[in-house]
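Listed in TrEMBL:
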- 11-178: domain 'Glycerol-3-phosphate dehydrogenase NAD-dependent N-terminal' (DOMAIN)
- Gly15, Ser16, Gly17, Asn18, Trp19, Gly20, Phe46, Phe103, Ala159, Arg275, Lys304, Gln306: NAD(+) binding site (BINDING)
- Lys126, Arg275, Asn276: substrate binding site (BINDING)
- 200-348: domain 'Glycerol-3-phosphate dehydrogenase NAD-dependent C-terminal' (DOMAIN)
- Lys211: active site, proton acceptor (ACT_SITE)
Amino acid sequence: MENGHTGKHRVAVIGSGNWGSVASRLLASNTAKLPSFHDEVRMWVFEETLPTGEKLSESINQAHENCKYLPGIKLGTNVIADPDLESAVKDADMLVFVTPHQFVEGICKKLVGKLRPGVEAISLIKGMEVKMEGPCMISKLITDTLGINCCVLMGANIANEIAVEKFSEATIGYREDKEAANRWAKLFTTPYFLVSVVEDIEGVELCGTLKNVVAIAAGFVDGLDMGNNTKAAIMRIGLREMRAFSKLLFPSVRDNTFFESCGVADLITTCLGGRNRRVAEAFARNGGKRSFDELEAEMLHGQKLQGVSTAREVYEVLTYHGWQELFPLLSTVHEICIGQLPPTSIVEYRLAEGQS
Ligand SMILES: NC(=O)c1ccc[n+]([C@@H]2O[C@H](COP(=O)([O-])OP(=O)(O)OC[C@H]3O[C@@H](n4cnc5c(N)ncnc54)[C@H](O)[C@@H]3O)[C@@H](O)[C@H]2O)c1
Ligand SMILES: O=P(O)(O)OC[C@H](O)CO
């Protein structure tokens with residue numbers, strides 16, 4: 001697979017939030033060096049007007065910096081912000097999806113019929129959609145809507161740390177097409193960002209998705225000043241429920257995936273330093289009296305939490321199958337988020353019989 005015009009691959013990034021900007025920076029540093037890639041990385045920007053009156057995309061192209069979602073970090077002169085979705089993707093043969101998960105379906109619908117033939121995709125999005133027919137992972141939504149192959153990249157990747165090139169690891173999950181997965185790994189790997197490749201797309205994507213719900217639980221524990229032992233217990237129980245839920249939905253999911261960066265490592269970093277944890281801590285400190293929407297707007301300045309909506313989506317699946325008692329932690333997080341239970345309930349549920 002190669003781009004017809006030049007023989008070089010062209011990369012476009014769909015999304016320009018905190019991780020979208022960091023991923024664009026990282027990719028642009030590699031496309032500038034690797035001969036098989038065109039230098040330029042097109043980054044689609046969901047346009048907004050800054051308090052100065054300037055458009056965000058214009059500001060990025062002038063300053064080579066995303067002053068709203070990644071202030072203080074130069075993206076590279078070969079990252080070109082484009083507010084027009086169709087124009088941003090039209091020449092690309094490698095598409096990186098990195099928006100909050102609730103916007104992907106609408107974006108994909110706009111892209112139908114607009115992509116080059118043979119395009120490959122990768123999703124960095126942690127989340128899922130729940131449809132009438134059941135849960136749908138974001139990579140599958142992309143594949144089904146656009147008819148293109150889509151890998152996933154997940155891991156212990158707090159974007160602000162990768163922006164300043166602190167060492168971290170990530171996991172690419174793929175289905176069947178190992179060559180495509182290796183091409184993505186080559187494009188993402190740097191000395192400070194090591195990428196491994198595993199043939200377990202659902203396992204990798206569910207790890208990245210479900211850990212956001214456990215991070216909300218960890219935030220409740222912090223907000224209630226329950227200490228490190230309790231937080232470690234929540235992380236252990238959460239990891240066990242993540243694995244059980246993933247395997248019930250997709251029996252092919254592998255145990256080993258939970259030991260990759262996308263599994264236990266992402267769970268740890270998110271429960272220690274992520275945005276879901278931070279906002280959930282504030283929610284618990286306020287006794288659940290201020291809503292997540294209000295706290296998200298106040299604390300994250302346009303960045304989006306994924307854990308609260310994912311907790312609701314997981315709960316829908318649990319309710320549909322009658323599995324709530326098998327997943328007391330995942331269920332309780334949602335019930336606390338919607339005000340049905342107080343934050344203290346996070347340690348009050350009983351483990352399902354036979355679980356340890
Ligand atoms: N930030 C991190 O540290 C990090 C790390 C790994 C993975 N992720 C995942 O990456 C994905 C993207 O997160 P992020 O951190 O780049 O974004 P973000 O939360 O920082 O920013 C929100 C983004 O959504 C955009 N937006 C707002 N309304 C929109 C709409 N109606 N349509 C389309 N876009 C809209 C905003 O312009 C902004 O770019 C999420 O799934 C997240 O879980 C984030
Ligand atoms: O800040 P969070 O909670 O959205 O987590 C960010 C990343 O997913 C950590 O890998």
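Including glycine, each Cβ sits where the backbone N, Cα and C put it.
Taking Cβ-Cβ distances under 8 Å and a sequence separation of 6 or more, the neighbours of Lys304 (NAD(+) binding site) in its chain are Gly17, Pro100, Gln102, Glu296. A helical conformation is recorded for Arg275 (substrate binding site) in the three-state DSSP classification. The closest partner of the residue listed as 'active site, proton acceptor' among the binding-site residues, by CA position, is Lys126; the full candidate set was Gly15, Trp19, Phe46, Lys126. Using a 10 Å radius centred on the Cβ of Ala159 (NAD(+) binding site) and all shown protein chains, the other Cβ atoms total 22. With a cut-off of 6 Å between Cβ and the nearest atom of ligand 1, the recorded positions Lys211, Arg275, Asn276 reduce to an empty set. In this structure, the CA atom of Gly15 (NAD(+) binding site) is 18 Å away from the CA atom of Arg275 (substrate binding site). With a cut-off of under 6 Å between the Cβ and any atom of ligand 2, the recorded positions Gly17, Trp19, Phe46, Lys211 reduce to an empty set. Around Gly17 (NAD(+) binding site), taking its Cβ as the centre, 21 other Cβ atoms fall within 10 Å, counting all chains. Note: the CA-CA distance between Ala159 (NAD(+) binding site) and Lys126 (substrate binding site) rounds to 13 Å. The local packing around Arg275 (substrate binding site), expressed as other Cβ atoms within 10 Å of its Cβ over all shown chains, amounts to 22.
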